[in-house]
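First up is the structure itself, then whatever we jot down about it.
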Amino acid sequence: MSSSKRYVRLRNYIFLLYSSSCRYANKIETFDGSSTRFDADIETPNPNPSSVKKDDDLKLGRKLSRVFSEDYAKTNKTILDPRGAPLNQWNQVFLIAALISLAVDPLFFYLPVIKEDMCLDENVTLKITLTIIRSIVDIFYAIKIYVRFRTAYVAPSSRLLGRGELILDSSSISERYLKGEFWLDFLATLPIPQVMTWFHMVNTAMMSTKTSVLYFIMIQFLLRLYLTFRLGSHISKQAGLVANVAWVGAAYNLVLFMLAAHVIGAMWYLLAIERQGLCWVEICDLETECKRKYFDCVNVNLPLREAWYPTSNVSRICTDPDNFQYGLVEDAVQYSIASAGFFKKYSYCLWWGLRGLRTKRLEEYRVKRMDTEQWMHHRHLPDELRQRVRKHDLYKWITTRGVDEEEILRALPLDIRRDIKRYVCAELVRRVPLFDQMDERTVDAICERLKPVICTPGTCLVREEDPTNEMLFIMRGHLDSYTTGGGRSGFLNQCEIGPGDFCGEELLTWALDPRPSVIIPSSTRTVTAISEVEAFALTSEDLKFVATQFRKLHSKKLRHTFRVHSHQWRTWAACFIQAAWKRYKRRNEAAMLKAKETSNTPTISNKLNRA
């Protein structure tokens, strides 16, 4: 055999190994683009003997356990091709069913409702509707498991340049599926919401447990969410529902965004139910005639419950957000969302969820928090101080949502700004007894200069012996106020102040002084926040301006009111009374001792005379 002939043989043999994804033929294109025919005298090995054997098996109608993708059309299609159009269509159906499931599961959180009689009930109509829809969706999840048992897979050992053999053997497919993702699909198929709501909640007497069981639904929801994302990613790779049409992909992303708001709103609603229930329980524990079972609407007509409810403080305290710390769910209590109709409460909760997903504000908060963390790291602040800074920033973000109120007001005209300040602050300012009797112009002047202040528990607002730079009017929360009388040994006067109280009253005395001084007075008390506090601050410059412009602040009646409600003056009065009482006791004891000595003197003289 000539060398040129051996070269052609070697070249074509290498090419056959390289192009194993093509079927063996008598004529094949060579590397240089020419067409070479294999002569009968050239000893060419069979490039893929298994392919030839499979062709023979296909012609004879034998059952195959392995087959290449291009040969799948010739087989008996009882096993689905993972890259075929039928399975792709099924995956699209499963994706739609999964999205419906993700939308239905959070609706179970809306089952608890609060009636006007301060009891917890459930929406039976919604419960039946959700059970039917969820059961239908569960059938599709069961069909998906069956389809997975009938879907071929590519043998990992046969992959070559993107080509692989499909495993068609049912036992091999079942074994691989059972060892892999079967249990995830099985857990996702279980009717957990139906069982939890129809059996466990009905047999549960405790109100807190009735709402807590709903959180178990969230575990399966997270599992289905994970499987849905995997399925959507698989369809995208196969150029399916999402990738074929641009608007479908945009709609898919919009659905995911709305789904996130839907879940957040449902969780917020359930949290509001729990917070109201916690308030009920706390008030109930303080009343001897109250029992926790009274808050179940099943027991609302009990004679003992009907006798207890009119005299209870539950309806008065738990319906007012100022009397109980509802925190994030305060709006739900204020607008009675838990007692509203389904569409009203769902619309409000969905809006609340969308408001919580505003990305611009979140990004600003994230950037600001990163800057704060870098600054604290640069200054080597201890962990305790870092935690206090993080806690304050988080509470401020939750309260204001990153909105700078003062910046918004500064951009408005003076008359609009004055009207807004009056609407927001006037009623709160008049809650302070010091300003209750003031005229409208004085209140407007004070409101216009008030600045909002928020602080977290443990924050020291004023420290004894430090300069008093501002006067604080407490609107929400409680603070601990104490004084040591300038550091006197054994002296401590302590009290708790709350909504309607004020601190930093030394500034008012300084501002009302007819002989003005540039020296700011020192604080006589230390004030520390016990809970989250919202207040308004009036700086020393603003207070001095108001006192100068409005002479009614100098009236004797106002000064008398100020001294009555001032903790500084109360402390001074208490100390004065104590000192006067001690002086009185000392004088009284001295007088009694002198009288006793005087009465004993004649007796001693008589005894001496007799002797």
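Numbers here mean position along the shown chain, with the first residue as 1.
Glycine is no exception: its Cβ is also placed from the backbone N, Cα and C atoms.
Per TrEMBL, domain 'Cyclic nucleotide-binding' is recorded for 434-531. Look at TrEMBL and you will find 93-112, 213-229, 241-271 tagged as transmembrane segment.
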Query - Close approaches to the transmembrane segment (213-229) from elsewhere in its chain (Cβ under 8 angstroms; 6 or more beyond its ends) - result: 95, 98-99, 101-102, 105-106, 108-109, 111-112, 184-185, 187-188, 190, 192-193, 196-197, 200-201, 204, 263, 267, 270
Requested in this report: Using DSSP, tally how many residues of the domain 'Cyclic nucleotide-binding' (434-531) sit in helix, strand and coil.
Outcome: 19 helix, 33 strand, 46 coil
Report task. Tell me, roughly as an integer, the mean pLDDT over the domain 'Cyclic nucleotide-binding' (434-531). Result -> 78
